[in-house]
C-alpha cells in the first residue's frame, strides 16, 4: 500500500506553481481545494486509514495552500460579502439643484453656475472623487478639497480648518463638502483658491451650466 501511494502522480497533477503571478488569490484557493480532493481520490480512498488521509491532507495544505494565500482568499471573499459604498455621480441640473438648496447661489458673490462649473472641472461631478498628490496629500470630493489645510487624514501637525475628516467630503449628500467650500471662499482668494475655476470658469459666460435647470 505504501509503495502504491508513493507512485501516485501528485506532482504531475499540479504542474502550475502556486507562486505564478497570473493566478489570483481566489483561484489559488479553488486550486488548493481541488488538489486535495484529487490527491486523496488517487490514494485509494477506502484502503487508506483515516489517520493517513488526514496526515496527507495536512501535508497538501502546507504544500499548496500557504497561509498568505488562504488569507488573501478570505479577504477577497469578505470584500464581496460586505456592502460597499456607491460613488455618486451627479447630473448637471441635479447638482445645481442641490447646491441651490444649500444656499450657494450668490454666496460670497459667486453664482450657482460658478459652483457647477467648478465641480465639473475638478471632479466631473463625482462626489466620491479622490486624488493623491505627490506630497501624500489628498484632493477629496466633488470640489477636490485638499488635505494639506482643510480636512484631516489623521496626519499629525496639519491644519484642519474645516474641522472634519477628509472622508466626510466623500459623502454623496454634499453637506460637509458645502460647509467646507464655504469656509474656503471666505478666504481672500475666494473661488480663486481652485486652479480649475481660474482656468475654466473665471470671467466666462457660464449660463450653460444651469441652462434648463428647474429650482
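Using N, Cα and C of the backbone, Cβ positions are placed for all residues, glycine too.
In the three-state DSSP classification, residue 213 (disulfide bond) falls within coil. Take the CB of residue 213 (disulfide bond) and look out to 10 A: across all protein chains shown you find 17 other CB atoms. Feature annotation from Swiss-Prot assigns disulfide bond to 93-213 (among others); the stated evidence is sequence analysis.
Swiss-Prot lists 117-201 (among others) with the feature disulfide bond, giving sequence analysis as the kind of evidence. For residue 117 (disulfide bond), the same-chain residues 6+ apart in sequence whose C-beta sits under 8 angstroms from its C-beta are 197, 200, 201, 204, 206, 209. Following the DSSP three-state reduction, the secondary structure of residue 117 (disulfide bond) is helix.
The disulfide bond feature in Swiss-Prot is assigned to 151-166 (among others). Counting every protein chain shown, the Cβ of residue 151 (disulfide bond) has 27 other Cβ atoms within 10 Å. DSSP assigns residue 151 (disulfide bond) to coil in the three-state reduction, placing it in neither a helix nor a strand.
Annotation source Swiss-Prot lists disulfide bond at 162-180 (among others). Secondary structure from DSSP puts residue 162 (disulfide bond) in coil.
The annotation domain 'C-type lysozyme' is assigned in Swiss-Prot to 88-215.
If you look up Swiss-Prot, you'll see 1-63 marked as topological domain 'Cytoplasmic'. In the predicted model, the topological domain 'Cytoplasmic' (1-63) has a mean pLDDT of 46.
Per Swiss-Prot, the feature topological domain 'Extracellular' maps to 85-215.
Sequence annotations record features per position, and here Swiss-Prot assigns transmembrane segment to 64-84.
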Spatial neighbours of residue 180 (disulfide bond) among the disulfide-bonded residues 93, 151, 213, defined as Cα within 10 A: which are they?
151
Measuring Cα to Cα, how many angstrom lie between residue 93 (disulfide bond) and residue 166 (disulfide bond)?
26
Would you mind listing, in sequence order, the residues at least six apart from residue 162 (disulfide bond) in the same chain with a Cβ closer than 8 Å to its Cβ?
145, 150, 151, 176, 179, 180, 183
Hey, how far is residue 213 (disulfide bond) from residue 166 (disulfide bond), Cα to Cα, in Å?
30
